[in-house]
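> Have a look at the structure that comes next, please.
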């Protein structure tokens, strides 16, 4: 080690000596190196999405599962021709399917943009305005709570204790006369 420089066993030059166990970028410890290689960092913005199960948290289980049978039904004794019923079923199902896809194609990205902006603003306000205001309020209210506590213990406690003692001596006897 000369002039504040350090060369490790692999010939890498460092300005500051490396500790025996290494550092976070180049650990000497084999267990530490394996531990760092095992950790996988996931980024919420680049995670893979499931294209099969698009509602993994079941947000829309009771809302949008509307099939032909949920909307149109013919009671017993009032049936249309079988061909009409089949064509109606196919028309309803295909129209719902493709019209949803068309609306998703036209408005899906703009709505995602709008909702993304909305929730970003909501998160920003919660993090930078709501929580600090609540914390500030709780800090400021502490002095008021101390004054209030002193007031209650000084004036209200003796008053209500005296009133309680007065009313504790009242006795009621009820007799039923025939």
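Placed from the backbone N, Cα and C atoms, the Cβ positions cover glycine too.
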> Which range, 84-104, 105-125, 126-146, does Swiss-Prot list as intramembrane segment?
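My reading of Swiss-Prot: the intramembrane segment range is 105-125.
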> What is the number of residues in the region 'Interacts with SPRY1, SPRY2, and SPRY4' (149-160) that are helix, strand and coil, as DSSP sees it?
12 helix, 0 strand, 0 coil
> So, by DSSP, how many helix, strand and coil residues make up the region 'Interaction with CAVIN3' (82-94)?
13 helix, 0 strand, 0 coil
> Could you give the mean pLDDT over the region 'Interaction with CAVIN3' (82-94), rounded to a whole number?
93
